[in-house]
Amino acid sequence: MQLSFIFLFLQLWRNVDVSLSQNACSKLPDVPHSHVSEDTKKDVYQEGNVIHFTCETGYISGPTITYVCSPTTRGWLPARHGQGACYLKPCELPEETPNGYYQIINGEEFVFGTTIKYFCNAGYQMVSKNDTRTCLLDNWTNHVPICDPLSCELPPVDEGVTVIGLPENDGSILPDRFLTFSCDGPGKFLNGSSVLICGKDGRWDNPFPSCEDSTPGVDQMQPHLNANAALGCGTSPSLTDGDTTETLRFHHRHEERVYYRCQNYYTMEGEPYKTCINGEWIGQISCLKPCTVDEDAMRSHNIDFRYGSERKIYSRHNDRITFKCTERRQPVGTLGMRFQCVDGKMHLPTCQ
């Protein structure tokens, strides 16, 4: 009787030991954003079995994530030291659009799922149907949006009015272009401004002039005055943070141009010249300031340059810089980590 009991106990213990060895690693490792690959997936895992993890769509791991069912710990051990994890797939930097810029509106870095939105600079308008792009597996969605210059409407065709300065082949009238108006023949005077400038908002700076009949007897009373004589200009106006390219002169002829240049690292906005038109200097020029990002400012925001090529003292107007958090900190807010220099001002992100 005692011998039978001992035999039964040994048989039960053997069954328990076999059962444990047949499912030595029942609990799978926790690898976020992944699942066990089908070729290594089993209902029961024994000692020495190997499993591979496949990352979810939009995530990558570098080396394959592999675990081995350990015969000593009766649990899963990583196959290599410093076992990797699944992280969002990085995207290439999105293309810039001429005369515009982009900002991240969903996400923090250029990785899978991040969405950016394009904006046009002053004086330009978005002509593309889609102004956003999203980073997917292979590339960014949509084409790079296009920003076209705003244009001013053509002047009305009035009998007796001469217009000088219209573009050839009925081309668009772009910002900073000016038109000169005059009346045909004697007995007429110009009611309104003789020079109109197309603004950066696509609007003329003054209403279109018209030609009216002169008051009888005025020409006879002042025969020595020539209403159509064009006036010259005096010294060319100064330009903040810039200068003329030629020696200073005290008199300039009608329709004569004076060219300008900006200081180093400054960016010129507008045509590089002003034109003397009937006694007035016509043309809008400005020198936009560069931005400076110093080490102290970045330390106070817990950030650094993401790319070594952007580590420079000056960034020109419209340049964009990508930052990153230091020491495993996280960004504050939802504006992203890529910012643009706008006339000497650049917003710095903050990390905590």
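The backbone N, Cα and C atoms fix where each Cβ goes, glycine too.
Residues annotated as disulfide bond in TrEMBL: Cys120-Cys147 (among others). Just so you know, the Cβ of Cys120 (disulfide bond) picks up 22 other Cβ atoms within 10 Å once every protein chain is counted.
Sequence-distant contacts of Cys276 (disulfide bond), defined as residues of its own chain at least six apart whose C-beta falls under 8 angstroms from its C-beta, comprise Gly232, Cys233, His252, Arg253, His254, Glu255, Glu256, Arg257, Val258, Ile282. TrEMBL lists Cys233-Cys276 (among others) with the feature disulfide bond.
Mean pLDDT, taken over the domain 'Sushi' (23-88), works out to 87 on the 0 to 100 scale. Annotation comment: TrEMBL describes 23-88 (among others) as domain 'Sushi'.
Here TrEMBL flags 89-149 (among others) as domain 'Sushi'.
Summarising the annotation, TrEMBL assigns domain 'Sushi' to 150-213 (among others). Sorting the domain 'Sushi' (150-213) by DSSP state (H, G, I as helix; E, B as strand; all else coil) yields 3 helix, 25 strand, 36 coil.
The domain 'Sushi' annotation in TrEMBL covers 231-289 (among others). Break the domain 'Sushi' (231-289) down by DSSP state and the numbers are 0 helix, 25 strand, 34 coil.
The signal peptide feature in TrEMBL is assigned to 1-18.
The Cβ neighbour count for Cys233 (disulfide bond), using a 10 Å radius and every protein chain shown, is 23. Its own atom aside, the Cβ of Cys147 (disulfide bond) has 21 Cβ atoms within 10 angstroms in the protein chains shown. DSSP assignment over the domain 'Sushi' (23-88) gives 3 helix, 21 strand, 42 coil.
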